[in-house]
Amino acid sequence: MSQTRGRYDFCIGLVLAMSSSIFIGGSFILKKKGLLRLARKGSMRAGQGGHAYLKEWLWWAGLLSMGAGEVANFAAYAFAPATLVTPLGALSVLVSAILSSFFLNEKLNLHGKIGCLLSILGSTVMVIHAPQEEEVETLDEMSHKLGDPGFVVFATLVVIVSLILICVVGPRHGQTNILVYITICSVIGALSVSCVKGLGIAIKELFAGKPVLKHPLSWILLLSLTVCVSTQINYLNRALDIFNTSIVTPIYYVIFTTSVLTCSAILFKEWQHMAADDIIGTFSGFLTIIVGIFLLHAFKDVNFTLANLPLSLRKDDRAANGTLLSTYDSFNGDEESSACLGEMQSTESLSARRNGSLSAF
């Protein structure tokens, strides 16, 4: 009965985590559509200090979608292991990229499509091999877990490292080293996920009619979560303001997820009862998602499609064969390439005009 209940909770957490990614990913599209509609009307843009978006229903729909996604993500931690829920957050980036190509005419290049495919495959592998954490159903059990010496040492190290980065390293190197602010967000994020997990258990007990509000751990977890989330938002915004978003996002995902996996393994002992193939599968799925997110972000501005592939291969074959082209052959090759590229550019420009975009992909 307990095993059946655990599988049932696992499925609920999985559905909530995936629906969270869909809601959050879709929220970016709805907000962007609302802002673009305001720009066409000639309203002052948000980047210029305007607040006309507050009157746009699409923007509010995006905000509500974001809220629904965060609530679903919060609830997912109460049912499924953090080792499963946290990596699946990468699917929101995937959903946003796919929906952008359909509704915002933002073309997805070959690297992005491969990245999306790898993210899906990696997420599937992680779901199959996700660890089953120990049963933690009450706040008393959660309190016992939090008092474990291993977790106390881990939490103490996180606080010390964060304070050193905030007070010493940040003022000196935060403006030039991308890892400083991202590391602060990531290591503190591991503690915030633990707080979310505990509050999720408290909410489940509250609905069961137990006197949760009288338990001091509930208020300690709520206060700790507020401090952790406020710190994360502060330093993540600093990182996004200084460095390129396409670089910040994948690095933050990797360090944050690694911190959460480490914290979850120490707190809930998730890895002790896992078989070797499940451990390898979990790490393989996580690494596959990392590669997919990297391809999706790092090369999003590279104009490379399947149409460019034959031309690139033809040039590589000539270079590999070591053929010395005559002046006439070189001229013909350049003429052929120029004609090919010109035809591609004209076709893409026509397509871009039909789609209403300003530049061809």
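Keep in mind that glycine also has a Cβ here, set from the backbone N, Cα and C atoms.
Remember, TrEMBL labels are computer predictions, not curated facts.
The feature transmembrane segment is assigned by TrEMBL to 12-30, 57-79, 85-104, 111-130, 150-171, 178-203, 215-235, 247-267, 279-299.
Counting same-chain residues at least six beyond the ends of the transmembrane segment (150-171), those with a Cβ under 8 angstroms from any Cβ of the stretch are 180-181, 183-184, 187-188, 190-191, 231, 235, 262-263, 266-267. Within its own chain, the transmembrane segment (279-299) has Cβ neighbours under 8 Å at 83, 87, 90, 93-94, 97, 109, 111-112, 114-131, 246-247, 249-250, 253-254, 257, 261, 271, counting only residues six or more beyond its boundaries.
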